[in-house]
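Undergrad: This is the feature table in Swiss-Prot:
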type	residues	note
DOMAIN	48-285	domain 'ABC transporter'
BINDING	Gly87, Pro88, Asn89, Gly90, Ala91, Gly92, Lys93, Thr94	ATP binding site
Amino acid sequence: MRFRCYLIFSIFSDSLLGAGFFQGGKRAMVVSTPIAAEEKPPIQANVVETWEISKIYRTGFWMNQKVESLKPLSIAVQQGETFGLLGPNGAGKTTLLKILLGVIRASGGRGTLLGKPIGDRQTKQRVGYLPENAYFYDFLTAWEFLDYIGSLFQIGKQERQRRILAMCDLVGLAQKTAKKKQLRQYSKGMLQRVGMAQALINDPEVVFLDEPMSGLDPLGRYQVREIILSLKEQGKTIFFNSHILADVEQICDRIAILARGELLCSGSLAEVLGNDEGYEVVLKGGEEEALGKYLANLSQEQDVWHGHYQGDVQALVDALPSLNARLISMNLARPSLEDYFIRQLRERGITTSQ
């Protein structure tokens, strides 16, 4: 029994215990008082904030070679925000997450998490974390595993049972399966659901998710999106890495793009992609001179015209008969996040992952 407990404890040292999540004892009770009419509420500090934070690894036989995994980087994530960190493999996304969680130390710069310096033990009681590659003890059931994680957070037995049941419902894990089936028999997608449940069992204020969609089928991805949106409705802050840009575009309030350890851009989707200004129009028929009065950047491929239109859509549709043209398609001109992401990498000559 001692040997098994030691195994469980050491297996999760990187993803959970190494981050110090279970240090610091019980939570203190917070008593809120109403704000007087003449008083102004305090300004809400950013949940996550970094100032020129960086990470350099030393390699080689004599440890005399340096690899700059993360160049000086400054970001801020606000209360209740869903923040997506994007980048190709080797961009430094997981490195940044581990620095924020206190799993590894930064080489330079500083940062805060929930208003406290990175690494504060009491703060880690208020944080949830799903690693990209979580290590599970094969011979435990999901219920036993979640019960163990809850006990590390010093959650009482009855409350643990209630939360485990709620987490299984939330992530779509059948109660019978959770109690009877050992984790070694789970598929990758099912293990990801268990990992999501353990990240939320302590009812965290901020949740860090490293590739939460990894290994999930379309239904599983939909369920994870719904979980993230429900957490957002509860006022929780979500910080996650993902390669699935379509999901990021649906979920995130703000994003940042990393490549080779460098921050390329950050901001809201409207700031990064631009507002919906105009339409990309495809027409068939008509004359160039007449169409040019309506469409900018007009070009022709075979007998089809492509151009950019700004103005009232109905006005263009009404003018088509007089132009002797037929509308083939009309789409908002704003690029997709995937198009923007690829363009940012190509502009910097980045064609492969590092």
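Just so you know, glycine gets a Cβ as well, placed from its N, Cα and C.
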Undergrad: These are the binding-site residues: Asn89, Thr94. Which one scores highest on other Cβ atoms within 10 Å?
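TA: Per the Cβ count, the most surrounded site is Thr94.
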Undergrad: As a test of reading the model: what is the averaged pLDDT for the domain 'ABC transporter' (48-285)?
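TA: It averages 92.
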Undergrad: If you skip the near sequence neighbours and keep only those at least six away, which residues in the chain come within under 8 angstroms of Lys93 (ATP binding site), Cβ to Cβ?
TA: Leu85, Leu86, Gly87, Asp210, Asn241, Leu258
Undergrad: Gly92 (ATP binding site) has how many other Cβ neighbours within 10 Å of its own Cβ?
TA: 24
Undergrad: Got a sec? Which of these binding-site residues, Gly87, Pro88, Gly90, has the most Cβ atoms within 10 Å?
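TA: Answer by Cβ density within 10 Å: Gly87.
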Undergrad: What three-state class does DSSP give Lys93 (ATP binding site)?
TA: helix
